[in-house]
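Positions annotated as active site, proton donor by TrEMBL: Glu301. Feature annotation from TrEMBL assigns active site, proton acceptor to Asp374, Glu402. Residues annotated as domain 'Alpha glucuronidase N-terminal' in TrEMBL: 24-140. The feature domain 'Glycosyl hydrolase family 67 catalytic' is assigned by TrEMBL to 144-453. The annotation domain 'Glycosyl hydrolase family 67 C-terminal' is assigned in TrEMBL to 454-679.
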Amino acid sequence: MKRIAFILAIFITGFCKAETGYELWLRYQPIANAQYVNACKQLIRSLEIKGTSPTLRAARSELERGLNGMLRINLPLSHSGSILLGKPENIPAITPAIKEQLSKAGTEGFLIKTITIGGKNRILIAGNTDQALLYGVFHFLRLIQTEQPVRQLDILSVPRSPLRLLNHWDNPDRTIERGYAGFSLWQWNNLPAYIDQRVIDYARANASIGINGTVLTNVNANALILTPEFLQKVKALADVFRVYGIKTFLTARFSAPIEIGGLKTADPLDPAVREWWKKKADSIYQLIPDFGGFLVKANSEGQPGPQDYERTHADGANMLAEALAPHKGIVMWRAFVYSHTSDDRFKQAYEEFKPLDGKFSSNVLVQVKNGPIDFQPREPFSPLFGAMPATPLMMEFQLTQEYLGQSTHLVYQATLYKETLDADTYTNGKGSPVSSTLSGFAGVANIGNDLNWCGHPFAQSNWYALGRLSWDYTLSSETIATEWIKQTFTPQPAFVQPVLKMMMRSRELLVNYMTPLGLTHMMYNDHHYGPMPWGNTLNRPDWNPVYYHKADKAGIGFNRTGSGSNALRQYAAPVQQQFENIDNCPDDYLLWFHHASWDHKMQSGRTLWDELCYRYHTATDSVRAMQQQWKSLQRFVDAERFSHVQQMLAIQASEAAWWRDACLLYFQTFSGKPFPAGYEQPKHDLEYYKDLRIHLTY
Ligand code: BDP
């Protein structure tokens, strides 16, 4: 019996052909469910396509590739194809009701609808632009790859946000700041003459999830990108991206007029500087007529900016906005600033930007990180959301897991994104979630030239989630994860269900084995990998972990109430009320806002010290359980990806224990309390963990 089971297992895994992960969620593998395939085959036999633009050619080739892969259908062109792809003006048979539906689709929304023409059922994929049609095709393929019924379709899907961008922190030498998945996709040396297939596949993947813009370069910007030589290379990439509905953006180094323009100043009010930027913008638009605009990090972490000339962020942004405006370009000006003079880094962005509300030109957006500090495993939402009603704001999430285990730990971040998007700002009364305050989304990309793009096989899900959520932030994390699992691995429920559970819990586990209960920024200096709660050697206090947790004999946590830094005051009153009383502040945020005593009674009934021990231990145990869970799913996954995830989970499990032991031993030096009975003992003493030196190279 055992022998048969063994042979069967080999037989089944034999079907899972080795995969590198390169295909992402666009694998289009043959669908095993014969009934489903037959049902599709009755409905899908040929294609009528209205138009011949490069975008429509891409849509057609994607349809052919997808249907051929999944259903083994060769899709001939026909004058009355069972799939009809086109814009309303090209479809004579279109009814007023459909026209009415499409009038709500804007320039990017699409309609997928079963219609009857001449007594024949057809699947109409329609939209008002070619880009919308491409989105419709990708959605249709998603329906099939996730084995959704396609018999009676009536789907109108319109993006909720007009700007859905990736931000690459890629340098001209192809290193990637905070990149954990290889080197940059942009092969500057071979551009513009050579276009790597990867660039095309990158564009396909983005279009499939609705991403419509990409910033190619690091926010810690290099003016080189704005030189004529590099702009030719950028143009070559932009020409590819345009086909897939993706606009190209660049980061603008504020001091570029000095560095590559030969000027003596970059003062935004200096006429020569303004003229330089106008000419620069004109020259870019000559090459790239649909260039998106600039993303700028200014006067932050050593970057130049308008404050170098005693001008404001608004002065700087508006100067660039003026240069871009004639071409309909935009400026995304980052609000990631913090100065060494502030008593609480939490407050800095709000203090600098809130007074500038209403002072920015109409083509400037202020781009705000999700939380007030810096992409930590859990942060409350940034108080700027909802606080600048006269300024369009963009959300910046970090897909690349700088502070979340980089490309080693399995963390599905959609739950983090949703937690922020759904948080109520109360700025227009109850029911004003962060999502309602946004005009756009940006995700700091986790993409490099690793075989599987993102390093960890599950990191792809964060790229996927960013696209899907910026298209529709009302989608749930579960829905997005389910789609992703089905397409990336298999739609078999016996696989989807447990993996969904793993993904949904993964971020919470990470919070609990790294920085539970509202602890924050306790990672190693510089590379931010591994625990260093004792860190206090960097010359700016707000770069040191001890600044954030403030552990002492009395307790732990950062008092941001009225008796402390009073950062809480930056939120609307009902949000303040959620957090300001130590006795009912939610456990997950307690140490963000309070310096609580070690004996503080938590909502669980445990003392703070016991709760800390409980969280660190249970999270570590849960990572081990996740390892076992994955092991039990081997038969569903090809050997390569199975083993990749398995090896990563083993590292994650041992590193969770490292975090647990290093942090608890260190905090014990303040609490003076024993570890509660029944817990695994630390493997080493505190000095051992303090002496560990972690050198990372990627
Ligand atoms: C920090 C990163 C740093 C980035 C900075 C930013 O450590 O590499 O340059 O964010 O967002 O988290 O500008």
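Here the Cβ of each residue, glycine as well, is placed from N, Cα and C on the backbone.
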Far apart in sequence but close in space: which same-chain residues, 6 or more away, have a Cβ under 8 Å from Glu301 (active site, proton donor)?
Asn220
Between the C-alpha atoms of Asp374 (active site, proton acceptor) and Glu402 (active site, proton acceptor), the distance in angstrom, to the nearest integer, is 10
Helix, strand, coil: count each for the residues of the domain 'Alpha glucuronidase N-terminal' (24-140), based on DSSP.
49 helix, 24 strand, 44 coil
Long-range neighbours only, meaning 6 or more apart in sequence with Cβ under 8 Å: which ones does Glu402 (active site, proton acceptor) have?
Arg178, Phe375, His528
In all the protein chains shown, the tally of other Cβ atoms within 10 Å of the Cβ of Asp374 (active site, proton acceptor) is 18
Roughly where does the domain 'Glycosyl hydrolase family 67 C-terminal' (454-679) sit in mean pLDDT, to the nearest integer?
97
